[in-house]
Structures are given as structure tokens and as C-alpha cells.
Amino acid sequence: MLLPPALYSRLAGEPGAAEPLPVERNPAAGEAPFRFAPRAVRFPRDHEFFEDGDVQRHLYLQDMLTQVSETPEKSMVPEFTCQVAGCCQVFAAIEDYQHHYHMMHGNTCSFCNRAFPSGHLLDVHILEWHDSLFQILAQRQDMYQCLVESCPEKFKTSQDRKDHMVRLHLYPADFRFDKPKTNRGPAMPAAADAATRAPTDDSDAMEICSEPAAPPPCRRTYSHRSV
């Protein structure tokens with residue numbers, strides 16, 4: 001094996017050993033020290049180049065399918081009753097209690113104890129049934145809000161609102177949002193306030209939830225099916 005003369009000098013310890021070794025370039029390469037021409041390389045689908053990616057994809061899909069097939073287990077606890085006064089629902093899972101509380105007690109009117117499925121419907125109910133200025137303003141401007149929270153439309157009467165919701169939002173024709181509450185027992189401030197309002201036709205009213213019934217003496221076990 002032939003070594004460059006400068007390397008012999010460095011190995012022998014001669015005076016010129018500290019000088020850097022000369023770099024000799026191939027004259028055929030021109031000014032660039034090397035030649036490189038990019039080109040596309042195509043591998044078949046079953047080539048070993050894709051093996052690692054195929055393994056990772058398989059593990060990812062397997063993990064996703066496992067998560068979808070697994071049904072989350074409910075946190076089972078000893079049976080307990082609803083903590084709201086007058087409610088005798090019995091629960092065996094915390095998820096059932098949370099669903100019940102959200103639907104029945106989460107948006108409850110403080111005047112008449114009616115429960116609504118959303119805060120928007122509760123606000124509309126309080127405005128229309130427990131605001132003494134509502135009927136006065138309704139004679140001058142459109143005050144009946146659309147029950148769809150994302151819809152800004154207002155109407156002159158509740159019947160106009162009902163027609164709008166049936167026609168545009170595809171609500172059922174027999175859909176009812178509210179109706180006069182039947183007085184039971186001593187008169188409440190809300191009942192007295194409702195008595196001072198102008199009488200309205202029951203056919204114009206719409207109802208989402210029925211009037212809360214008196215709690216039965218027996219226990220009722222609550223359950224719901226998760227979607």
C-alpha cells in the first residue's frame with residue numbers, strides 16, 4: 001500500500017510533519033469534490049424498506065379498535081338517593097345521578113320549580129312567565145324568542161313562534177313549551193304574579209317538560225342508556 005509522501009514525513013517526525021496534508025482532487029470531477037445526481041427510487045409495497053412503518057400502523061390500528069370496542073364501566077357504588085328535597089330517585093352509579101341531576105335539577109325555575117333541559121329554555125321561561133314587564137313590552141314589540149338558542153328571531157305571539165319552529169326548525173306540530181301551572185296548595189308568589197297577567201290561549205303555549213309530579217312513597221331506581 002502506497003502512502004502519500006507527507007504522511008511518511010509525519011510518521012518520521014521530520015520538520016514538515018506539522019503542516020496539513022494536501023488534498024488532491026480528481027481532475028475529472030471539476031471544481032466539486034464529488035458528484036451527486038438525485039433520482040427517484042421506487043420500492044414495491046412489500047419491500048423491507050416499509051417494514052417498520054407497517055408494524056407501527058398495525059399497532060396503531062389495533063389500539064384504536066381496542067379503545068372503540070371497550071365499553072367504559074360505570075363506577076358502581078352502594079345505592080344512594082338524590083340529595084334534592086322531595087326527590088326520591090335511587091341510584092347505583094354516579095353517572096346515573098349526574099345525568100338525572102343535569103336533566104331534572106340543573107336548570108330549575110326558582111319560582112315554580114319547573115325543570116328545563118337547558119339554561120336557554122329556563123331563561124325564556126322566566127322572562128315570559130315571571131317578568132311583570134313582559135306583557136307590557138310584548139304589546140309594543142316582538143318579545144317571544146325562538147327556543148333554538150342559535151336562532152335570533154323574535155315574534156309577536158307565541159303562536160307565531162310555534163309556526164316558525166315547526167316550519168323552519170322541523171319541530172313536531174304538537175310541541176308545547178309552557179302551559180299555565182295548576183295551583184296546588186297555598187298560593188305562591190309566582191302563582192299570584194301569573195294571575196295578574198293577561199289571559200292567553202292554551203293552544204298558543206308550548207311545553208317541553210311536564211309539571212313535576214309529587215314524589216311517590218316508594219323508591220324509584222334511576223337508570224339511563226349512554227349514547
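Glycine is no exception: its Cβ is also placed from the backbone N, Cα and C atoms.
These figures come from a predicted structure and were not determined experimentally.
Annotated compositional bias 'Low complexity' per Swiss-Prot: 186-198, in sequence order.
Sequence annotations record features per position, and here Swiss-Prot assigns region 'Disordered' to 180-204.
Each residue in the zinc finger (80-105) has a pLDDT score, and their mean in this model is 82. The zinc finger annotation in Swiss-Prot covers 80-105 (among others).
Taken from Swiss-Prot, the feature zinc finger covers 107-130 (among others).
If you look up Swiss-Prot, you'll see 144-169 (among others) marked as zinc finger.
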- Its residues classified by DSSP, the zinc finger (80-105) shows 11 helix, 7 strand, 8 coil
